[in-house]
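Listed in Swiss-Prot for this protein:
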type: COMPBIAS; residues: 11-21; note: compositional bias 'Basic residues'
type: MOD_RES; residues: SER22; note: phosphoserine
type: MOD_RES; residues: ARG45; note: omega-N-methylarginine
type: MOD_RES; residues: SER46; note: phosphoserine
type: MOD_RES; residues: SER64; note: phosphoserine
type: MOD_RES; residues: SER80; note: phosphoserine
type: MOD_RES; residues: TYR91; note: phosphotyrosine
type: MOD_RES; residues: SER97; note: phosphoserine
type: MOD_RES; residues: SER114; note: phosphoserine
type: MOD_RES; residues: SER136; note: phosphoserine
type: MOD_RES; residues: SER138; note: phosphoserine
type: BINDING; residues: HIS364, HIS366, HIS633, ASP710; note: Zn(2+) binding site
type: BINDING; residues: HIS366, LYS435, PHE436, ASN437, ALA438, LYS439, TYR440, GLU636, ASP711, PRO712, LEU713, GLN714; note: substrate binding site
type: ACT_SITE; residues: HIS655; note: active site, proton acceptor
Amino acid sequence: MASYPSGSGKPKAKYPFKKRASLQASTAAPEARGGLGAPPLQSARSLPGPAPCLKHFPLDLRTSMDGKCKEIAEELFTRSLAESELRSAPYEFPEESPIEQLEERRQRLERQISQDVKLEPDILLRAKQDFLKTDSDSDLQLYKEQGEGQGDRSLRERDVLEREFQRVTISGEEKCGVPFTDLLDAAKSVVRALFIREKYMALSLQSFCPTTRRYLQQLAEKPLETRTYEQGPDTPVSADAPVHPPALEQHPYEHCEPSTMPGDLGLGLRMVRGVVHVYTRREPDEHCSEVELPYPDLQEFVADVNVLMALIINGPIKSFCYRRLQYLSSKFQMHVLLNEMKELAAQKKVPHRDFYNIRKVDTHIHASSCMNQKHLLRFIKRAMKRHLEEIVHVEQGREQTLREVFESMNLTAYDLSVDTLDVHADRNTFHRFDKFNAKYNPIGESVLREIFIKTDNRVSGKYFAHIIKEVMSDLEESKYQNAELRLSIYGRSRDEWDKLARWAVMHRVHSPNVRWLVQVPRLFDVYRTKGQLANFQEMLENIFLPLFEATVHPASHPELHLFLEHVDGFDSVDDESKPENHVFNLESPLPEAWVEEDNPPYAYYLYYTFANMAMLNHLRRQRGFHTFVLRPHCGEAGPIHHLVSAFMLAENISHGLLLRKAPVLQYLYYLAQIGIAMSPLSNNSLFLSYHRNPLPEYLSRGLMVSLSTDDPLQFHFTKEPLMEEYSIATQVWKLSSCDMCELARNSVLMSGFSHKVKSHWLGPNYTKEGPEGNDIRRTNVPDIRVGYRYETLCQELALITQAVQSEMLETIPEEAGITMSPGPQ
């Protein structure tokens with residue numbers, strides 16, 4: 001694909017608007033340029049003031065990779081394009097051997113021996129005594145003293161907790177099992193990666209793990225602001241509040257009159273270089289100024305991607321992270337051996353609470369396939385009996401009734417069965433995403449999909465609304481099951497949002513057990529080939545301009561304004577295994593110049609979705625409206641750099657299977673506690689057999705994972721697909737009751753339900769760290785398990801932050817001596 005650097009070959013577009021005075025030059029690293037000898041792309045716009053990443057790095061986090069990040073990243077991108085059939089990728093460990101090169105192990109052993117020889121005899125004696133300790137009380141006391149002052153946690157509750165379960169402690173000079181030099185390089189790189197994620201979460205008002213933030217603040221001058229739940233004066237929930245939130249007094253779509261909407265801000269909107277800009281006048285001209293709304297700088301984003309790409313293939317860092325992950329797995333197995341009976345006893349002491357009546361959220365499920373195949377079959381038969389003469393379709397300008405549609409297929413209600421419906425995935429869909437997509441068409445006919453599971457059709461989505469409401473009714477009847485349904489916005493026309501919101505409001509499709517996410521399929525190449533879009537920026541305008549308009553002037557989109565209050569965020573969906581023919585860098589065409597029929601890469605979609613969402617979130621927060629998060633499909637298949645982009649930009653992800661091949665990324669996802677909604681039954685039919693699914697491994701190591709169904713229409717058989725998912729996972733992997741309840745609690749924590757609702761479901765203190773944030777009366781998760789997870793995470797974070805701090809203390813005298821006598825000019 002042709003590239004269009006902004007500095008040459010194409011004149012830069014001029015816009016007759018005043019730039020705001022607070023903008024400063026980009027501070028991205030020089031290696032972020034698109035290619036050798038080519039001028040850098042003109043930065044779209046940076047945040048006001050210094051770049052957050054540099055402002056937030058008071059320490060020297062430079063490593064030996066810093067000057068080579070761009071070259072390493074480009075080489076890895078090239079390999080992912082040209083060598084997709086490699087048996088062992090450069091960023092992963094082969095399954096048969098934990099270490100790729102035995103030479104690396106030999107050199108590491110030699111370094112370890114050389115360091116041990118230099119130890120003094122008294123140090124050796126002390127290390128031996130520490131190793132032979134059998135009583136861990138002193139270690140626990142030391143750990144408790146080191147943790148004092150890091151928060152306002154109650155010491156009494158902590159003392160009680162320490163007596164409740166058995167701990168395993170590691171003593172000695174080098175507790176991590178690698179030489180200090182390797183630990184220092186790995187710690188600096190991991191801390192740098194966590195700072196990068198914190199910066200982008202703060203920029204978009206998404207959440208960031210509070211425990212991780214607290215440890216990073218020890219290394220930073222000023223903490224960044226991230227998304228937090230704020231309690232208003234009328235929202236506090238008492239400790240004895242009921243588990244079920246109070247019912248709404250009226251339907252949320254009751255008042256849809258424009259006169260009841262918030263006022264008009266009178267701001268102007270225009271998309272520039274792929275991002276919506278907001279101006280002080282409705283019709284922007286040379287006399288208006290730009291409203292200060294931050295979004296990520298493109299040059300800085302590419303530089304950050306290069307840093308992370310170089311990080312995940314660094315040999316010593318890869319070995320360090322692999323060792324830490326193996327340690328976490330072994331430590332959890334030891335914890336289970338020592339405390340399993342205590343956890344079970346703690347659960348049995350709680351009255352009227354078990355796995356069946358704790359809150360569970362299906363955090364990854366598509367609305368068009370949220371029903372099982374028997375449910376859809378019964379609904380179609382019922383529609384054929386009651387609405388046979390209703391006009392439901394237009395074929396070549398001719399209206400057709402439901403009777404005529406089925407007569408053209410030579411079918412009657414009696415002929416229909418689950419087998420003729422043919423919507424269930426089978427062995428032929430494995431690694432065939434095209435055949436899986438065809439399963440969305442009942443009886444193989446796209447016309448039936450349009451009639452029954454589409455929101456925009458001849459009957460205004462009436463049938464789809466009815467079947468969704470039946471699914472909602474089943475969820476409400478179960479009380480404790482909830483779902484976050486995905487609805488699609490394609491970006492082909494500007495009125496898609498209004499049609500979707502009108503469908504929800506007109507048919508009153510709402511339930512307290514359901515929240516919405518909006519998925520954007522990555523299908524620009526299809527629309528461009530059909531001539532439906534002129535360039536990629538037109539697709540972005542169709543997706544985001546209506547949202548900005550509904551935020552600036554809600555009365556202009558009344559249904560959309562009401563609907564958005566129940567939308568959690570955005571999802572990016574499509575087949576990740578499709579080859580990408582382009583690498584996203586500074587030489588990539590801007591959205592208005594992307595007119596090729598090739599599809600933009602995954603990172604391109606994610607960056608421009610994130611940039612517009614960040615601007616929109618700041619505007620909506622100023623108005624007191626609900627903000628959004630980014631929760632894409634990621635890591636199901638395809639190249640590993642999808643997970644790199646999601647680590648930087650996404651609050652949660654769905655699938656994450658490829659993390660099993662990337663120990664550095666898996667360790668980073670653990671430290672940042674990024675939510676991962678996993679669907680083993682879906683993966684079993686498409687990409688990975690059930691027994692190879694990494695979910696039990698992720699869970700044992702402490703990653704924030706939950707179970708989800710993905711597509712019950714294709715993969716499940718029962719009326720309760722989420723319970724079916726839990727049931728099979730428990731039987732196959734022999735999960736304990738505590739494991740199941742922990743998965744359910746994780747699903748609520750990573751969901752988009754409101755703070756008040758979560759306070760009822762999990763307890764009013766659920767935002768606190770550690771066991772203080774757990775209420776076993778509501779979650780059925782023992783404080784023992786929550787305390788273990790919290791202490792283990794704190795120990796891992798302390799390991800890397802203390803290594804960085806110790807290196808900083810050692811270099812302070814040298815740096816002070818250098819700066820006191822300035823060198824020659």
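Yeah, the Cβs are placed from backbone N, Cα and C, and that goes for glycine too.
Note: the Zn(2+) site is recorded as HIS364, HIS366, HIS633, ASP710; in the same chain, ILE365, ARG486, ASP571, VAL573, SER654, HIS655, ALA677, SER679, SER682, SER708, ASP711 also have Cβ atoms within 8 Å of that site's Cβ centroid. Fewest Cβ neighbours within 10 Å among the binding-site residues HIS366, HIS633: this applies to HIS366.
HIS655 (active site, proton acceptor) sits 7 Å from HIS633 (Zn(2+) binding site), taking the Cα positions as reference.
Taking the Cα of LEU713 (substrate binding site) as the reference point, the closest of the binding-site residues HIS364, HIS366, HIS633 is HIS366. Across the structure, ASP711 (substrate binding site) and HIS364 (Zn(2+) binding site) are spaced 9 Å apart at their Cα atoms. Shown in sequence order, HIS364, ILE365, HIS366, SER654, SER679, LEU681, SER682 are the residues of the chain, 6+ apart in sequence, with a C-beta less than 8 angstroms from the C-beta of ASP710 (Zn(2+) binding site).
DSSP classifies LEU713 (substrate binding site) as helix under the three-state reduction. Other Cβ atoms within 10 Å of the Cβ of ASP711 (substrate binding site) number 25 in total over all chains.
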